[in-house]
Structures are given as structure tokens and as C-alpha cells.
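**Q** Structure provided below as C-alpha cells; questions to follow.
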Amino acid sequence: MASNRFQNLQNWTNKHVFSNSLDYWNQELNEVPSYQNQPQTGESGSNPPPHDRLEPIQESVVSEQPQKDDINKQEEAKDDGHGEASEPISALQAAWNVTNAIQGMFIVGLPIAVKVGGWWSIGAMVGVAYVCYWTGVLLIECLYENGVKKRKTYREIADFYKPGFGKWVLAAQLTELLSTCIIYLVLAADLLQSCFPSVDKAGWMMITSASLLTCSFLDDLQIVSRLSFFNAISHLIVNLIMVLYCLSFVSQWSFSTITFSLNINTLPTIVGMVVFGYTSHIFLPNLEGNMKNPAQFNVMLKWSHIAAAVFKVVFGMLGFLTFGELTQEEISNSLPNQSFKILVNLILVVKALLSYPLPFYAAVQLLKNNLFLGYPQTPFTSCYSPDKSLREWAVTLRIILVLFTLFVALSVPYLVELMGLVGNITGTMLSFIWPALFHLYIKEKTLNNFEKRFDQGIIIMGCSVCISGVYFSSMELLRAINSADS
């Protein structure tokens with residue numbers, strides 16, 4: 001009964017909501033290649049692509065059911081929301097990608113983590129890096145059986161563990177990506193309000209979101225890559241500025257200000273914030289698959305996480321030792337000189353604006369690959385018209401997605417609490433619990449007792465961090481909301 005209702009709803013939406021009637025061309029055109037998969041110049045459009053590449057989805061009115069092999073190919077086409085590279089990448093390039101993911105915008109909040117958690121926060125920065133490195137290794141091991149690659153994505157690993165479990169992984173990935181977009185809005189608004197307090201935070205969020213509506217039209221990974229490149233440049237500039245500024249006050253530092261005192265109410269939020277900053281597992285399978293020499297993956301991942309841990313510890317300590325009790329949620333807001341603060345904050349705002357398109361694009365691709373490739377492969381019709389342009393309703397849905405991130409940001413405009421809550425939910429699942437759980441299930445027959453205990457230990461630790469973190473982070477968020485209302 002429920003399946004019939006879903007089928008009726010699906011048919012109705014395909015006919016009336018995601019309708020081809022918006023197109024003015026002849027809808028009887030068959031075998032039109034999709035927007036994302038045009039053949040290269042000189043290639044024959046009749047030759048099918050290899051089975052492990054994303055296949056064109058044909059716009060067709062033919063009503064016959066697809067063959068089982070075709071459905072399997074469509075399943076293989078779905079990835080983690082990140083497009084494949086046009087050519088294999090080196091270990092150094094892979095390390096750069098991982099470093100960008102875990103050394104991102106949110107390091108500006110590390111000094112406040114040291115202020116709140118002291119040496120416990122510093123220990124978390126090192127410990128979480130260690131665990132995330134090992135769970136990344138475990139996740140990649142789940143792709144192989146007897147040295148042969150059997151699976152390609154995080155979702156395929158989850159579905160092998162339990163059919164249908166991959167949907168939970170996709171939901172966590174989507175939550176992680178959209179949460180990242182939301183936090184960029186909160187961060188940009190915080191920085192702008194500190195520079196120009198005549199406009200409140202909500203106003204700056206709306207202004208920032210208006211400029212980000214153009215992301216709704218992004219459909220070229222090359223453009224997203226260029227934006228990410230400029231984002232990396234701005235990241236290096238602002239980090240260099242802040243490190244040099246902090247080093248100029250080295251004579252005033254006092255390491256005794258970093259305490260061992262433990263506040264059980266705030267520490268789980270800080271740990272979640274640290275976990276959120278190390279989450280890169282959603283694209284590790286794709287990254288490993290695109291390396292020229294996948295055997296170098298473990299070494300690459302190890303040194304990437306070592307570098308990240310060292311930099312995060314140093315940056316967090318430098319910021320707190322320089323500003324002490326005056327340390328703000330964003331380190332640049334701690335700067336005493338207003339003109340200098342405006343300069344640094346504006347660079348950070350540009351970085352936030354350049355950072356938003358990548359997770360947004362990945363979220364859009366995730367939704368497209370699982371909902372909008374075309375019926376019957378996915379529940380709804382394709383986002384693209386036969387002339388390879390994006391349909392009007394698809395653009396509208398993307399605009400709604402941008403507005404959704406704005407709505408959530410307006411509802412919970414609290415940077416540290418939001419990062420902590422997201423890290424304790426999706427971060428612990430994607431980076432702690434699931435990789436160890438899947439590895440224990442898939443490799444159980446080949447693991448020795450120590451390796452089994454190691455996986456079980458990570459699962460127990462991840463569950464403990466998740467449960468306690470969600471509770472205390474939620475309490476911290478509620479306190480922040482109540483404090484703002486009073």
C-alpha cells in the first residue's frame with residue numbers, strides 16, 4: 001500500500017513538478033547525451049564508456065524496463081559527490097587535497113578551543129588526527145579483497161556491510177556538506193559584523209547569501225576548482241599574516257595560561273569541533289582511486305595528518321598565547337587594531353565565499369546522482385534538457401537549497417556550538433564509527449585479535465564521543481540560544 005502511494009507520488013511529481021513541459025523542443029528526441037557526459041572531440045558517440053565511468057543518461061520516452069546490468073552500471077556511476085579527476089594525480093597532489101580538506105576555514109576557531117579546553121583541546125587535536133588517519137586506512141582497506149579492488153565508494157562499502165545501509169552514509173555525507181555551507185555563512189556574518197557593527201549578523205547573512213545565489217548555476221567542476229585554488233591562496237595569506245602577528249608578541253607569552261582544568265560541559269563540544277575539522281573520509285575512496293600509485297596512499301595520509309595536527313596545535317596555541325582571555329571565537333576578531341582587523345576579516349570573508357561553492361556543488365551532485373538522473377534509474381527525471389541546459393525547476397531547487405542553508409544559519413548562528421554538534425553527529429559516524437565497523441565486518445576472517453580489539457576500541461570510543469557530544473553540544477547550543485533571547 002505504501003509502495004503504491006510512493007509510486008503515485010513519484011509519477012505525479014515527474015508529470016507535474018519535474019515536468020518536461022517547460023522545454024519548448026520536441027520531447028520525442030531519444031538518446032541525447034547528458035550535460036555532464038559529452039564525448040570528447042574525435043570520439044564516437046556510439047561507443048559506450050567503460051563500466052567504471054559515469055554513463056550518459058538518455059532522455060527517452062521508451063517505457064521498457066531497464067535490464068539488471070544497466071541498473072548495476074547506474075549504481076556504479078553514483079559516487080561520493082566528487083567528480084573524478086581527468087587524469088591520475090600524484091601522492092603530493094593527493095596530500096594537497098587532503099590538507100585543504102582538514103586545514104580549512106575552521107582553524108580560525110582553534111584558539112578559542114585552547115582557551116576553553118586548555119591542554120585537553122591540544123590533546124584532542126593530536127588524538128583525533130591519529131584516529132582519523134587510521135580510520136582512513138581502514139576505510140580504504142574495505143575497498144579491497146585479496147589485493148583486488150571490489151568496491152569504489154563509501155556507499156558501496158556500506159551496502160556490502162548491509163544492503164541499503166549506503167543510504168545512511170549518503171544522508172550523513174549530505175548533512176556534512178550542507179552543514180559546512182551553513183557554517184561558512186555563520187562565519188562570514190560574524191566577521192563582517194565585527195567589522196561593520198551597524199548591520200546585524202542576520203543582515204550580513206542575507207547579504208552574503210545573495211552573493212552566493214550564483215552557486216545555483218554552477219555546473220562545471222573546472223570553475224569550482226579555480227575557486228578552490230583562489231581559496232587556498234587566500235588561506236595561505238591569512239594564515240601567514242596571523243602567524244607573523246602572533247610571533248611578534250612572543251615575549252609576552254605565558255604557557256601557564258594554558259590550563260589542565262576540565263569542564264565536562266564544554267569539552268565534548270570542543271572535541272566535536274576538532275573532529276569536524278578532520279573529516280575527510282567522504283572523498284578518500286575517490287581520491288585513492290585517482291592516484292597514480294595507490295600504494296602510496298597510506299604514507300600520503302599519514303604525513304597529511306601529521307602536518308595538519310602540528311599546524312593546528314601551533315596555530316591554536318599561538319592565537320591563545322597572544323590574546324589570552326581576550327581570545328574570540330574567530331581569532332581575527334581578537335585583533336585590537338580595528339583597521340588591521342577589518343583587513344584580515346575581509347580576507348577571511350573572501351575565503352569563506354570561495355569555500356562555499358565546493359561543498360554546495362558536491363551536495364548538488366550527490367542529490368542529482370541519487371534522485372535526478374532520470375526515471376527509472378532514479379526516482380525523478382533528469383535535471384538536464386535535451387539541449388544540455390539546466391532545467392528551470394532544477395535551478396529553482398538549487399536556489400531553494402542555498403536559501404535553506406541561509407534559513408538554518410539564521411536559526412542557529414553560533415559558530416563553535418554548531419561545529420561541535422555537527423562534528424559529534426556526522427563527524428564521529430563518518431570518521432570513527434563506520435570505517436571501523438565496516439572494516440571489522442569485511443575483514444573479520446583475516447584480522448588477528450589485536451586488530452579486532454583495535455577496531456572495537458575505535459567503535460566504542462566513537463559511540464561514546466557521539467552520545468556524550470550530542471548531549472552536551474545540544475545543551476551548549478540551547479544555552480547560547482536562550483542567552484541571545486534574554
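Every residue, even glycine, has its Cβ placed from backbone N, Cα and C.
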**Q** Labelled N-linked glycosylation site in Swiss-Prot - which residue from ASN11, ASN337 would that be?
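**A** Out of ASN11, ASN337, Swiss-Prot attaches the N-linked glycosylation site annotation to ASN337.
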**Q** Looking only at what Swiss-Prot records, are GLU141 and ASN449 on the same side of the membrane?
**A** yes
**Q** Run the contact check on the transmembrane segment (168-188) against the transmembrane segment (458-478): 3 or more C-beta pairs under 8 Å, excluding pairs closer than 6 in sequence.
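**A** By the criterion, they do not touch.
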**Q** Should anything in the same chain at least six residues away from the topological domain 'Lumenal, vesicle' (189-203) have a Cβ under 8 Å from its Cβ atoms, list it; otherwise answer none.
**A** 329-330, 332-333, 341-342, 345-346, 348-349, 352, 409-410, 413, 415
**Q** Does the chain bring the transmembrane segment (94-114) near the transmembrane segment (458-478), so that three or more CB pairs sit under 8 Å (pairs 6 or more apart in sequence)?
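**A** They are not in contact.
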**Q** When you look at the transmembrane segment (229-249) alongside the transmembrane segment (120-140), do they share 3+ Cβ pairs under 8 Å, ignoring any pair fewer than 6 residues apart in sequence?
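**A** With fewer than 3 qualifying Cβ pairs, these stretches do not touch.
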